[in-house]
């Protein structure tokens with residue numbers, strides 16, 4: 001169905017994809033929002049299934065998602081605006097408008113996880129157990145959300161030749177043709193990597209019972225893919241000459257490796 005819309009909804013006369021799915025009572029409903037909402041809904045169903053696997057009440061998982069999600073969205077926008085502050089020229093309306101994109105996933109994860117940690121401590125719940133359940137849902141939502149970037153014509157790489165882009169399906173070629181130039185579809189690489197990570201996490205949650213391994217597995221795997229893909233993008237948030245996402249990804253990989261190593265050593269000691 002989505003592929004059908006990819007061919008139907010084009011900007012009139014331009015041949016490029018239209019980021020607006022439809023208009024409702026004068027309000028433009030964009031694919032970016034639809035895909036994020038779809039990811040959230042699928043994530044909720046996935047969390048319900050995984051809560052049964054880990055024998056945790058779904059109500060607790062749902063509560064933490066409903067609290068962390070809006071805070072995560074606020075954090076994602078705040079993070080993005082901080083690093084792009086000069087481009088807004090003090091325009092507050094543009095700063096809070098997320099309909100055209102501009103959500104930095106690292107900001108969303110930091111703020112969302114912080115909210116989840118505070119809530120779990122308040123309710124005396126295991127933060128790591130809850131995040132193990134949430135991790136597959138988060139990466140699944142990210143995988144779908146990248147297609148929202150596709151419709152917005154963002155999160156792509158640098159210019160490429162037609163001989164490069166012609167290897168991709170026609171609708172990808174169309175979406176990555178911007179102002180007469182072909183661009184590297186890095187959104188597709190990240191979406192694919194996220195789906196692969198989702199599958200790995202679903203296997204982990206069934207096989208590994210150690211608290212936190214699924215969540216930190218998510219942190220490490222996502223960071224690994226993001227580090228390399230970020231190097232190809234043209235719209236990176238920058239801190240001087242450094243790509244912020246690559247810096248955060250390195251930290252994510254180190255933290256993930258440290259936790260999983262610690263968990264493995266601890267399990268070995270207990271089993272002796």
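Here the Cβ of each residue, glycine as well, is placed from N, Cα and C on the backbone.
Among the features that Swiss-Prot reports, transmembrane segment is placed at 25-45 (among others).
The transmembrane segment feature in Swiss-Prot is assigned to 64-84 (among others).
The transmembrane segment annotation in Swiss-Prot covers 100-120 (among others).
Swiss-Prot lists 185-205 (among others) with the feature transmembrane segment.
Residues annotated as transmembrane segment in Swiss-Prot, with sequence analysis given as evidence: 212-232 (among others). Beyond its flanks by at least six residues, the transmembrane segment (212-232) meets 128, 131-132, 134-136, 138-139, 142, 157-158, 184, 186, 189-190, 193-194, 197, 200-201, 204-205, 243, 245-246, 248-253, 255-257, 259-260, 263 of its own chain at Cβ-Cβ distances under 8 Å.
Listed by sequence, the residues of this chain that lie at least six past the ends of the transmembrane segment (244-264) yet keep a Cβ under 8 A from its Cβ atoms are 83, 104, 106, 210-213, 216-217, 219-224, 226-227, 230-231, 236-238. Annotated transmembrane segment per Swiss-Prot: 244-264 (among others), in sequence order.
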